[in-house]
Amino acid sequence: MQLSSVILAAAGLLAPVYSRAIISIGHRAEGLNVSLASAGNTKVQVSVTNTGSTEISVLKANTFFDKSPTKKVNIYREGSQKEVPFNGILLRYTPSNLTKDDFQPIAPGQTVNTEFDLAETLDLSESGNYAASSEGVLPFSNPQYNGIAGVIPFKSNAIIIKVDGKQTADVLSVGAKYFHLSRRADINNGGCNAEQKPVISSALERASSIAAEASKAALDGDVRVFEQFFRTTDSTTRQQVSDRFRAIASEAGNSTGGIVKYQCSDAMDVCKPNVVAYALSASNVIVNCPTYYTIAATSQQCDVGDQALTAIHELSHIDAVYSPATADHAYGEDASLALSSDMALMNADTYTYYANAVRQNCSPS
């Protein structure tokens, strides 16, 4: 890492002693319909319709309404089982101090459209047909509450996009933008000052310890806690989770080298007030935003993140640390608990909050 840059009780005779409970918030019975449509070459239009009888406000961060180049759909070359690698930004935000401006209101029966260009975050220089779809959960609020009140699962339609690879050259990708901006900005030594460096180093040291503990627990710990987060007790899945945590522990604990470069200069200009950090997996870069230094160094709660957990979250996004890298299918503990097993296995916050549950000795519900 570069700064520049419980075993189950036998036969049920012994019951695990938990210090805290994992508490889940609500799920809305009425849903949202998500529809995708091709909007010309690599552009995609998303239409979100409120199929319920009351107004709902969907969180913008890490959803279709986020203007940042975050992952919004899954893309496959037609006929291929391998997803096109995502080269955009994977950000982590804090759910505290959310305002109405952080949500997209949708009235009953209303459809809200938004559009984005896939070429900003994917290499689609090879012409041909690509399949696009999206599945996950959308955090929501309501008129009486500014915070996250619950989550709504969704699954979009699947569409085929006809791509002219030559036209993608006219779209400035995230990687190209980062390269140009970082060269222009003074980010020698990652732009981290004398106060920030020890904070990052300390967080990485704790992250390494937490991830190592989670790696062991994934194999030998309480299966009920594992199942609550990953929706399975399958031995292969437990091994995969353990291996990812082991890789994260190794990278976080490498204080003199490593793969990932930490930076404090926001060359991409995405450090909004609620954004804690973000990763650029294709560049092996993690950027800590100013908000990172205001959150707790160590959390004492099951559903609250901290600086070390943020490091685990972002390191899970780096493909060079452990492949394939995680995505942000859901954000926050409650939303992560609502995912299917397959999606949980590839969701950064599932790892974040499982590691915290192991550390805090949080009980399964």
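We count from 1, first residue shown onward.
For all residues, glycine too, the Cβ spot is worked out from N, Cα and C.
Keep in mind that what you see is a predicted model, and the values were worked out from it rather than measured.
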Zn(2+) binding in TrEMBL involves His313, His317; of Asp328, Asp334, the partner in that site is Asp328
Fewest neighbouring Cβ atoms within 10 Å among the binding-site residues His313, His317 goes to His317
Across Glu314, Asp328, listed as recorded positions, the smallest other-CB tally within 10 A is for Asp328
Glu314 (active site) and Asp328 (Zn(2+) binding site), compared by Cα position, are separated in whole Å by 10
Asp328 (Zn(2+) binding site) falls, by DSSP collapsed to helix, strand or coil, into coil
Around the recorded Zn(2+) site (His313, His317, Asp328), other residues with Cβ within 8 Å of the Cβ centre, ordered by sequence, are Leu90, Leu91, Arg92, Ala279, Glu314, Ser316, Thr326, Ala327, Ala348, Asp349, Thr352
